[in-house]
Amino acid sequence: MKYAAALTAIAALAARAAAVGVSGTPVGFASSATGGGDATPVYPTTTDELVSYLGDDEARVIVLSKTFDFTDTEGTTTTTGCAPWGTASGCQLAINKDDWCTNYEPDAPTTTVTYNTAGELGITVNSNKSLIGEGTSGVIKGRGLRMVSGVSNIIIQNIAVTDINPEYVWGGDAITLDEADLVWIDHVTTARIGRQHYVLGTDADSRVSITNNYINGESDYSATCDGHHYWNVYLDGSSDKVTFSGNYLYKTSGRAPKVQDNTYLHIYNNYWENNSGHAFEIGSGGYVLAEGNYFSNVDTVLETDTFEGALFSSDSASSTCESYIGRSCVANVNGGDLTGTSTTVLSNLSGDTLPSADAASTSPASNAGQGNL
């Protein structure tokens with residue numbers, strides 16, 4: 001009987017391992033990402049084990065089947081911060097990171113801030129990793145993920161990253177890339193984040209695809225003091241190509257996305273709902289092709305006062321794209337001021353194979369994020 005039970009257990013484990021893997025294939029600029037490939041799946045059970053698997057030099061398929069709570073793993077830090085947006089209960093406060101309060105908000109009242117230290121810096125993710133969640137069980141709480149300094153070939157799929165010092169600006173980012181290549185982030189839910197849900201830093205992030213993710217901006221704290229998160233998607237690289245598609249951006253109020261500094265963004269088939277501020281902020285060096293996107297109850301789709309980049313976008317189908325990318329571009333719905341005719345954007349993307357956009361719809365609201373593979 002014991003022998004039979006052992007065989008049954010071994011068979012169950014083998015079936016579980018065989019069933020685990022990346023679902024689907026990446027699209028867009030990171031279409032050749034393979035992550036950990038066919039490495040034998042590993043199942044971390046502690047936060048230390050998860051950190052070790054993500055940061056080592058082995059190709060790995062890492063499966064999350066529980067919540068990994070980093071909230072209290074490094075204790076708390078108490079220091080002086082500031083209150084740039086007021087001290088009402090729904091307003092974020094700011095940590096004085098790198099003298100930010102001192103240099104950028106010198107007139108803001110100072111205040112004491114106490115935050116969870118672990119959230120400040122994300123977990124290092126090394127090259128050739130697939131990080132996959134089982135069902136809706138794979139959650140990283142209290143700390144984000146960080147892909148920097150030349151790492152490449154990473155897939156993150158079907159997990160949630162949540163609760164990173166949401167009271168405090170500079171409390172931590174959910175997903176950070178800075179000098180990373182071939183990164184596919186798919187069906188990830190991010191919620192209650194202190195700073196950015198996604199940030200691509202000033203070094204080049206050459207080929208990145210951010211697809212089918214749920215950016216949940218609903219929070220008890222925000223820089224706009226209205227329960228809508230302001231810091232969402234910040235694309236700031238020196239030579240970046242980013243595919244952003246199928247994502248659901250809910251209850252945001254700014255930087256959704258902010259694009260600048262030689263970043264090429266193909267942003268299509270996303271759905272913005274209940275944005276109390278602006279969605280797009282396009283600065284100098286931001287090159288954006290926006291098509292097939294749907295906007296519902298968005299106060300300002302494009303921040304026109306600070307616009308310094310290049311944009312091709314329309315609320316009607318455009319055949320101009322045909323001679324550059326081999327097909328017509330697809331109309332946005334309720335795009336407001338998100339209209340641009342820059343053929344510079346199209347010309348610079350003409351050498352790339354761009355995915356085709358579908359008609360704009362609200363389907364990301366039910367299809368994006370963890371648990372919707």
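Each residue, glycine too, has its Cβ placed from N, Cα and C.
The shown structure was predicted, so the numbers you read here are calculated from the model rather than taken from an experiment.
Now, the feature entries from Swiss-Prot:
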ACT_SITE  Arg255  active site
COMPBIAS  354-366  compositional bias 'Low complexity'
DISULFID  Cys82-Cys101  disulfide bond
DISULFID  Cys91-Cys225  disulfide bond
DISULFID  Cys321-Cys329  disulfide bond
CARBOHYD  Asn128  N-linked glycosylation site
CARBOHYD  Asn274  N-linked glycosylation site
CARBOHYD  Asn348  N-linked glycosylation site
REGION    354-373  region 'Disordered'
SIGNAL    1-19  signal peptide
Pairwise CA distance, Cys101 (disulfide bond) versus Asn128 (N-linked glycosylation site), rounded so that it is a whole Å:
38
For the glycosylation sites listed here (Asn128, Asn274, Asn348), tell me which residue's CB has the most neighbouring CB atoms inside 10 Å.
Asn128
Among the recorded positions listed here (Cys91, Asn128, Asn274, Cys329, Asn348), which has the Cα closest to the Cα of Arg255 (active site)?
Asn274
Among Cys82, Cys91, Asn128, Cys225, Asn274, which are recorded as recorded positions, the nearest neighbour of Asn348 (N-linked glycosylation site) by Cα:
Asn128
Ranked by the number of other Cβ atoms within 10 Å of their own Cβ, which of the disulfide-bonded residues Cys225, Cys329 ranks first?
Cys329
I'm trying to understand the geometry here, so how far is the Cα atom of Cys329 (disulfide bond) from the Cα atom of Cys82 (disulfide bond), in Å to the nearest whole number?
45
Number of other Cβ atoms within 10 Å of the Cβ of Cys321 (disulfide bond) across all protein chains:
23
With helix taken as DSSP H, G or I, strand as E or B and everything else coil, how many residues of the region 'Disordered' (354-373) land in each class?
4 helix, 0 strand, 16 coil
With Cβ-Cβ distance below 8 Å and at least 6 positions apart along the chain, what are the contacts of Cys91 (disulfide bond)? List them in sequence order.
Ala83, Trp85, Tyr221, Ser222, Ala223, Cys225
